[in-house]
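Some features that TrEMBL has for this protein:
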- 68, 69, 70, 81, 85, 86, 87: substrate binding site (BINDING)
- 15-147: domain 'dUTPase-like' (DOMAIN)
Ligand SMILES: O=c1ccn([C@H]2C[C@H](O)[C@@H](COP(=O)(O)OP(=O)(O)OP(=O)(O)O)O2)c(=O)[nH]1
Ligand SMILES: [Mg+2]
């Protein structure tokens, strides 16, 4: 199934988001900054990084904006709201909320691949209000109730 994709003016000239290997789950997202622009995230700082395109996803799908593990492992840079949610009815620019949890400033330039986008199906479930819920073995136990030791 196709996802309709439209470059915005400042995105023109960038490569399309691409899967870096044949069966990769994510399309890498490049920063659509100006040609000579450098966006620097100080330690602890966050920024909205423009991707330079808009989408029209088929209804019943979302695009998730996820971190790249290399940036997280090497620099402590990740997507603050991971996984970001791009709704099927959103027609604005896709952006990445990047945060620097590392100890060093992190510089971003035009075309740098700073995150990845994974398409996912969203089941069309509706909430139904009831008085009682079916019982289960777990019941209300959660939040570590099964312990940690192996
Ligand atoms: O990482 C993200 C997250 C969101 N969006 C865009 C697409 C999404 O459809 C819209 C709204 O996102 P979300 O629902 O997460 O934010 P909100 O704070 O609930 O805003 P709204 O009230 O507009 O829904 O913002 C992005 O481009 N990147
Ligand atoms: Mg919302």
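Backbone N, Cα and C define each Cβ position, glycine as well.
Location within the structure of each feature annotated in TrEMBL.
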residue : record                 : Cβ neighbours (10 Å)
68      : substrate binding site : 19
69      : substrate binding site : 10
70      : substrate binding site : 10
81      : substrate binding site : 12
85      : substrate binding site : 12
86      : substrate binding site : 20
87      : substrate binding site : 12
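Taking DSSP states H, G and I as helix and E and B as strand, the domain 'dUTPase-like' (15-147) has 7 helix, 49 strand, 77 coil. When the binding-site residues 69, 85, 86, 87 are checked against ligand 1, 85, 86, 87 have a Cβ within less than 6 Å of one of its atoms.
If you compare every pair of Cα atoms in 68, 69, 70, 81, 85, 86, 87, the residues listed for substrate, the longest distance is 26 angstrom. Confidence annotation: the domain 'dUTPase-like' (15-147) carries a mean pLDDT of 98 in the model.
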